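Chemist: Just dropping this structure here.
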Amino acid sequence: MTLQRTFVMIKPDGVRRRLVGEIISRFEKRGFNILALKMVHMDRATAERLYQEHKGKGFFNELINYIISGPVVCMIIEGDDAVSVVRKMIGATDPKEASPGTIRGDYALSKSENVIHASDSEEKAKTEMGIFFQDVTEIGAQARM
């Protein structure tokens, strides 16, 4: 097992439906530490930066408009094999394919309103954490004080 950090974001539908506490509780019960957390109302430029891999795809504008439609909760989560374990916990993007017991399996309404985003690699996690938390290296030290 490797101690890792990953980026997790509760999307506007998750915030609007008051699922923030339940979702955070699932990560804590699994033994993860929440190193940083903040609620933001993302602007278009930040949303486009976060989802730049989808630029040019048919759903890109719809995705960006949805992400900027309301506040999101951004977190840095730390724990053993955080990237892969968190991805398993959130479930498949399409709620029809997400297993019951996963966050999306239990709460997602559609492919677009699927409650949560999590980094899919360590490299992406570093990039995504850097978008919302400028000094990631400082965060770990502060969290352990």
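Glycine is treated like the rest: Cβ placed from N, Cα and C.
Feature table excerpt (Swiss-Prot):
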ACT_SITE  HIS117  active site, pros-phosphohistidine intermediate
BINDING   LYS11, PHE59, ARG87, THR93, ARG104, ASN114  ATP binding site
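Describe the structural context of these features.
Modeler: In this view, HIS117 (active site, pros-phosphohistidine intermediate) is surrounded by 20 other Cβ atoms within 10 Å of its Cβ, with every protein chain counted.
Annotation note: ARG87 (ATP binding site) sits in a helical segment as assigned by DSSP. All chains included, 18 other C-beta atoms sit within 10 angstroms of the C-beta of ARG87 (ATP binding site).
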Chemist: Are there binding-site residues among LYS11, PHE59, ARG87 that sit within 10 Å of HIS117 (active site, pros-phosphohistidine intermediate), Cα to Cα? If so, list them; otherwise say none.
Modeler: LYS11, ARG87
